[in-house]
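Undergrad: Have a look at this one before I ask anything.
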Amino acid sequence: MAKTEQRFDYVKIGLASPERIMEWGQRTLPNGQVVGEVTKPETINYRTLKPEMDGLFCERIFGPAKDWECHCGKYKRVRHRGIVCERCGVEVTESRVRRHRMGYIKLAAPVTHVWYLKGIPSHIATLLDMPLRDVEQVVYFNAYVVVDPGNAQNLSYKQLLTEDQFLEIEDQMYEEGSELQLPENWAMIGAEAIERLLKDIDLEKEAEQLREEITSARGQKRARLIKRLRVIDNFIATGSRPEWMVLRVLPVIPPDLRPMVQLDGGRFATSDLNDLYRRVINRNNRLARLQEIMAPEIIVRNEKRMLQEAVDALIDNGRRGRVVAGANNRPLKSLSDIIEGKQGRFRQNLLGKRVDYSGRSVIVVGPNLRMHQCGLPKEMAIELFQPFVIHKLIKRGIVNNIKAAKKMIQSNDPQIWDVLEEVIDGHPVLLNRAPTLHRLGIQAFEPILVEGRAIQLHPLVCPAFNADFDGDQMAVHVPLSLEAQAEARLLMLATNNILSPATGAPIITPSQDMVLGCYYLTADNPHAPDIGDRFFASLEDALIAYDRGAIGLHSKVWVRYHGPMELGKGEKESEPQIIEEAGGIRLKITNYRRIREDQNGNVISQYIRTTPGRIIFNKTVQDILSA
C-alpha cells in the first residue's frame with residue numbers, strides 16, 4: 001500500500017483507477033507471493049475461531065488478529081517483529097494494522113458505481129449525453145446499446161435496441177448476400193457497454209466541441225451543454241478518466257472497521273458490511289465459474305445483473321431497487337449509510353469530536369451573577385481545572401506528587417476548594433450552545449463556583465445563544481494557553497459582545513425569564529384578597545413587612561412617598577374626594593393617592609397605593625441608577 005504522508009494540508013476526494021485500488025490492498029511477500037485479493041466469502045472458522053485464509057478477515061491480507069503472533073502460531077512475541085511466516089504467510093506485527101490495511105475483490109465483470117449512475121445529477125448520463133432511463137436499461141440488462149454502427153444505415157451510435165431487434169440485425173448480418181458489415185461487438189449490454197462508451201470519449205476534443213456549440217445554443221439546450229462541459233472540465237482538471245466510474249476492482253475496507261465480535265452465548269455479532277461483501281464475493285465467484293464452464297449467455301447475463309445489484313447494495317443500499325434486509329427485516333447499513341447523516345462518520349466523528357477539558361450540563365438562571373460571569377458547578381470545575389489544581393498543590397508543598405494530589409481531590413479534601421477558587425480567579429471559560437449559528441453562539445465568562453450540577457447563566461446573554469431555561473444544555477471549554485485566555489477575555493467576553501455582528505442592533509436585551517419576572521413583580525392582581533388598608537411610613541417599612549410575611553408580593557398597601565408617581569398601562573386615577581380637616585388642612589383622596597395639603601396648597605404628606613413587588617422593582621432601578 002502506498003505510504004501516506006504524516007503531514008498534509010488537505011484531503012481530496014476523487015475517482016480511483018482499478019490499478020490504484022489494487023495498489024491500496026496489494027503486498028508482495030518475501031517469497032514473491034502477491035497477497036491482497038479476497039477470494040472467499042468465509043469470515044471466521046467456527047471450530048478454531050481464527051480468520052479463514054483469503055477470506056474477509058484473512059490475516060495474510062490484513063495483518064495478524066493478535067499482536068506479534070502469526071496465524072499458525074510458529075512466531076510469537078515482539079522479538080520476531082517484521083518476519084513473514086514462511087508457513088502461513090502472515091507478517092508478525094501489531095494487530096492494529098487491521099484498522100488500515102485494505103484488500104480488494106477482482107470482479108469477473110465490470111459494474112457501474114451507483115453514486116455516479118443514480119446520483120442527482122447522474123454523471124454517467126450527463127457525460128454520455130443520454131437519458132438516465134436509457135443508461136439504466138443498459139446497465140441492468142434490459143436493452144442493448146450500439147457502440148459501433150459499422151456501415152448500417154438504420155443504426156446510430158448510442159441507439160438502444162431490444163433483445164428482438166438485436167437478434168433480427170444479427171440474423172440479417174449472416175444472411176447470404178447481405179451487405180451489412182458490423183464489427184464483432186457492435187452492440188453491447190450491461191456495465192461493459194457503459195465502460196466502452198466512456199472509454200471512447202476524448203475529453204479534450206469533447207470540451208472544445210461543446211464550447212463551440214454553447215456560443216450558438218439558447219435556452220434549455222445551452223444549460224444542458226454547460227452542465228456537460230462542467231463535468232468534462234472537472235475530469236480534465238483532476239486527471240481522472242470517465243471509465244473509472246465503472247468498477248473492475250472493488251476495495252475491501254479493513255476488517256477492524258467492520259468487526260465481528262463473539263457474544264456471551266457463543267454467537268457472533270457482525271457488521272452489516274460483512275454480509276454485503278459476502279453477497280458480492282459469492283456472486284462474483286459464481287459468475288467466474290459460469291464463465292469458465294461457458295454457461296449459456298442468459299444465465300451469465302443474469303449473474304452479471306445480480307453482481308451489479310450486490311455491489312449497488314454494498315455501496316448504497318436502497319439507492320436503486322429493493323432494499324437488502326438482514327435478520328428481523330432490518331435494512332443492512334451500506335458504506336454510504338456509514339458516511340452520511342447525523343450519525344455518519346463525518347458529522348459524528350470528524351466534525352463532532354469529543355474534546356478534552358470540556359463538560360456539558362443543563363443551564364439555569366443565575367439571578368445573582370454579573371453579565372460577564374457564569375455559575376460553574378464545583379463537581380465540574382474540579383474536573384476541568386484538575387491539572388491546574390494539581391500544579392498548585394505541588395507548588396505549595398501541600399502534596400509531593402501527582403498521585404497524592406489526585407487522591408486528595410478524590411477524597412474531597414476541604415483544602416482543594418480554596419486552591420480551586422484561586423485557580424479559576426481570572427481564568428475565563430467558554431460556553432457554547434449548539435447549534436452555533438453565529439459568532440455569539442460561543443462566548444467567554446468568568447466562572448463562579450456554585451453548588452449543584454447545573455451551569456448558571458445570566459439571563460441577558462440568552463438572546464445571543466438563543467437559549468431558554470426549559471432544559472437547554474450548554475458545553476463548557478477551558479482555554480489552556482495564555483494566548484487562548486487573552487483572546488477569550490478580550491474578544492469573547494460577554495460584556496464585549498453587546499451588539500449583534502450581523503445587524504449592529506443590541507443583542508443584550510431582556511427576554512423570556514427577565515420579562516416574565518419583571519411582569520410578575522409589577523403586576524397588579526385584581527383578585528388579591530382584600531386585607532384592609534395597610535399604611536407604612538416608608539418604602540423600607542413596607543419591604544420589612546413583606547420579608548416577615550405580613551403582606552404578600554401583590555398586596556395593595558399605602559406607603560408614604562414624596563417622589564413623582566406614574567400609573568401603569570390601563571390604570572386611571574379617579575376624581576379626588578376632598579375632606580376638610582381642622583386648621584384649614586385638606587385631604588385629597590383618589591384610588592391611588594392620599595395627599596394632605598395646608599391652607600396654601602403645600603403638600604404636607606403623600607401616601608401612594610402600590611404593591612411590595614413594585615416597591616422592589618423601583619428600589620432596584622433606583623439603586624442601579626444612583627450607583
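Just so it is clear, glycine is given a Cβ too, placed from its N, Cα and C backbone atoms.
Quick paste from Swiss-Prot:
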type	residues	note
BINDING	Cys70, Cys72, Cys85, Cys88	Zn(2+) binding site
BINDING	Asp468, Asp470, Asp472	Mg(2+) binding site
Undergrad: Around the Cβ of Cys85 (Zn(2+) binding site), how many other Cβ atoms lie within 10 Å? Please give the count over every shown protein chain.
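TA: Excluding its own Cβ, Cys85 (Zn(2+) binding site) sees 21 Cβ atoms within 10 Å.
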Undergrad: For Cys72 (Zn(2+) binding site) and Asp472 (Mg(2+) binding site), determine the Cα separation and express it in whole Å.
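TA: If we compare the Cα positions of Cys72 (Zn(2+) binding site) and Asp472 (Mg(2+) binding site), the gap is 56 Å.
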Undergrad: Among the binding-site residues listed here (Cys70, Cys85, Cys88), which has the Cα closest to the Cα of Asp472 (Mg(2+) binding site)?
TA: Cys70
Undergrad: Using Asp468 (Mg(2+) binding site) as the reference point, find which of the binding-site residues Cys70, Cys85, Cys88 has the shortest Cα-to-Cα distance to it.
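TA: Ranked by Cα distance from Asp468 (Mg(2+) binding site), first place goes to Cys70.
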Undergrad: I'd like the number of other C-beta atoms within 10 A of the C-beta of Asp470 (Mg(2+) binding site), please.
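TA: Asp470 (Mg(2+) binding site): 8 neighbouring Cβ atoms within 10 Å.
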Undergrad: Do you know which of the binding-site residues Asp468, Asp472 has the most other C-beta atoms within 10 angstroms of its C-beta?
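TA: Of the binding-site residues Asp468, Asp472, the highest Cβ count within 10 Å belongs to Asp472.
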Undergrad: Excluding Asp468, Asp470, Asp472, please set out which residues of the same chain place their CB within 8 Å of the center of the CB atoms of the Mg(2+) site, keeping sequence order.
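TA: Apart from Asp468, Asp470, Asp472, the close residues are Ile363, Ala467, Phe469, Gly471.
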Undergrad: Using the recorded Zn(2+) site (Cys70, Cys72, Cys85, Cys88) as reference, state which further residues of the same chain have their Cβ within 8 Å of the centre of those residues' Cβ atoms, listed in sequence order.
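TA: Apart from Cys70, Cys72, Cys85, Cys88, the close residues are Glu59, His71, Gly73, Lys74, Tyr75, Arg87, Gly89, Val90.
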Undergrad: A 10 Å Cβ contact count, applied to the binding-site residues Cys70, Cys88: which residue has the minimum?
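TA: Checked Cys70, Cys88; of these binding-site residues, fewest Cβ neighbours within 10 Å: Cys88.
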Undergrad: To the nearest Å, how far is the Cα of Cys88 (Zn(2+) binding site) from the Cα of Asp470 (Mg(2+) binding site)?
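TA: Between the alpha carbons of Cys88 (Zn(2+) binding site) and Asp470 (Mg(2+) binding site) there are 62 Å.
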Undergrad: Reduced to three states, what secondary structure does DSSP give Cys88 (Zn(2+) binding site)?
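TA: Once the DSSP labels are grouped into three classes, Cys88 (Zn(2+) binding site) ends up as coil.
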Undergrad: Could you tell me the C-alpha distance between Asp470 (Mg(2+) binding site) and Cys70 (Zn(2+) binding site) in angstrom, no decimals?
TA: 58
